[in-house]
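Student: Structure incoming, see below.
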Amino acid sequence: MSITKEFDTITAISTPLGEGAIGIVRLSGTDALAIAQSVFKGKNLEQVASHTINYGHIIDPKTGTIIDEVMVSVMLAPKTFTRENVVEINTHGGIAVTNEILQLLIRQGARMAEPGEFTKRAFLNGRVDLTQAEAVMDIIRAKTDKAMTIAVKQLDGSLSQLINDTRQEILNTLAQVEVNIDYPEYDDVEEMTTALLREKTQEFQSLLENLLRTAKRGKILREGLSTAIIGRPNVGKSSLLNNLLREDKAIVTDIAGTTRDVIEEYVNIKGVPLKLVDTAGIRETDDLVEQIGVERSKKALQEADLVLLVLNASEKLTDQDRALLNLSQDSNRIILLNKTDLEQKIELEQLPDDYIPISVLTNQNINLIEDRINQLFFDNAGLVEQDATYLSNARHISLIEKTVQSLEAVNDGLALGMPVDLLQVDLTRTWEILGEITGDAAPDELITQLFSQFCLGK
């Protein structure tokens, strides 16, 4: 990767827009210090030591008007996130003041940064690779401490190290094969080369397949489980949603059909982010608005990773209950018998044995739902092993799957007795695909597309 430092100077607001204690406007580039100094009244920023914070005021150089009282952080290249000169202006939080300072910096010669451009420069300047750059956004978007743990390990380079070490081993193997082909001084050189390839490709395949086994857990922790709460009207779906959220998001009444649409909320269940979808009760109805909600509920059920089927334990099973039991039987399903605080009338013998009796009203057995989720998706294992490297990014997972396919092609070719020089092609392809993960062999279009998904100022 080429080290690029011939960039213009960019600027953006790095804190969320709105009222707050502070706002931060960031500059990065060769002229960052000069541009910041042109609007700063205080110490000469071009002469202060690196990694210092300096008190002063931002002024409009045209009018001399004071815009705000600020603290300015100065960080000199190359010991910065972008490996360029970086200035961060810490202002009082607020839309007007941060925008005013941003416009001043642009007027003085800075360019408005594109989404993710600061991190893109860190990548292009060799400060981080592509997996570490993606981890930056994963940290920002992490919904639980477990998801953040995985993202921090990726930012620290755990996945990069594993991929780079594997690529180097593949390169060493290719070099040895090439030597054996070019200098066939021994009669058994072909057998030696075949044995080497077989041993190494099986080793690489085993390593990457083990990494793929972490993908299910990692992806769930990163993206969450899409969880549909289903049941006929007025069995307690919205009450369950509110109980899990510990706040009133859904309307709870005794009137069947109150939830007429799909309500979505995130909740942290023992470190697992659940995207809870409270669906309208699935039943036949003449109400047009409710019909739309019912259809969306069926769609949510089809797309869900997890289904919470709520039944009313104080009533006998209805045809609607039986229909939902059949509709959800092939899903990752947890059957919840609600209203167990009332007299029980439901026919337990008609239900699978793995139901959980609960009372949303008294909070009975709600904790068992969390335990069952752990059992269904994590085989009762710990969510995150401290020293393990996890795959959680769909792009990484897809590329690792492709590398495993390439290695399988090498092994299949060896079994068929194909010439070694032809099998080199698949092994070389494996090396190239792994390079796409770290960015060493990623096309420019992919890099541009990835960083365009970042937020402004990052």
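Any Cβ shown, glycine's included, is placed from N, Cα and C.
Annotation source Swiss-Prot lists (6S)-5-formyl-5,6,7,8-tetrahydrofolate binding site at Arg26, Glu88, Arg127, Lys458. As annotated by Swiss-Prot, domain 'TrmE-type G' applies to 224-378. As annotated by Swiss-Prot, GTP binding site applies to 234-239, 253-259, 278-281, with the evidence given as sequence analysis. The K(+) binding site annotation in Swiss-Prot covers Asn234, Thr253, Ile255, Thr258 and rests on sequence analysis. Marked as Mg(2+) binding site by Swiss-Prot: Ser238, Thr259.
Context for these features, please: burial, neighbours, distances.
Tutor: Counting Cβ atoms from all protein chains shown, Arg26 ((6S)-5-formyl-5,6,7,8-tetrahydrofolate binding site) has 24 others lying within 10 Å of its own Cβ.
Classification of Lys237 (GTP binding site) by DSSP places it within a helix. For Lys237 (GTP binding site), the count of additional Cβ atoms within 10 Å of its Cβ stands at 31 [all protein chains shown].
For Ser238 (Mg(2+) binding site), the number of other Cβ atoms no farther than 10 Å from its own Cβ, over all displayed protein chains, is 25.
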Student: Just checking a number: largest C-alpha distance across Arg26, Glu88, Arg127, Lys458 for the (6S)-5-formyl-5,6,7,8-tetrahydrofolate site, rounded to a whole Å.
Tutor: 19
Student: Tell me the coarse DSSP state (helix, strand, coil) of Arg127 ((6S)-5-formyl-5,6,7,8-tetrahydrofolate binding site).
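Tutor: SS state of Arg127 ((6S)-5-formyl-5,6,7,8-tetrahydrofolate binding site) = coil.
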Student: Which of the binding-site residues Arg26, Glu88, Lys458 has its Cα closest in space to the Cα of Lys237 (GTP binding site)?
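Tutor: Result: the closest of the binding-site residues to Lys237 (GTP binding site) is Lys458.
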Student: Give me the CA-CA distance between Ser238 (Mg(2+) binding site) and Arg26 ((6S)-5-formyl-5,6,7,8-tetrahydrofolate binding site), in Å, as a whole number.
Tutor: 44
Student: Report, as a single number, how many Cβ atoms besides its own are within 10 Å of the Cβ of Lys458 ((6S)-5-formyl-5,6,7,8-tetrahydrofolate binding site).
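Tutor: Taking every protein chain into account, the count is 20.
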Student: Compute the C-alpha separation of Glu88 ((6S)-5-formyl-5,6,7,8-tetrahydrofolate binding site) from Asn234 (GTP binding site), stating it in Å without decimals.
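Tutor: On Cα coordinates alone, these residues lie 54 Å apart.
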Student: According to DSSP, which of helix, strand or coil covers Lys458 ((6S)-5-formyl-5,6,7,8-tetrahydrofolate binding site)?
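Tutor: Going by the DSSP assignment, Lys458 ((6S)-5-formyl-5,6,7,8-tetrahydrofolate binding site) belongs to neither helix nor strand, so it counts as coil.
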Student: How big is the Cα-to-Cα gap, in Å, between Arg26 ((6S)-5-formyl-5,6,7,8-tetrahydrofolate binding site) and Asn234 (GTP binding site)?
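Tutor: One finds 52 Å between the Cα atoms of these residues.
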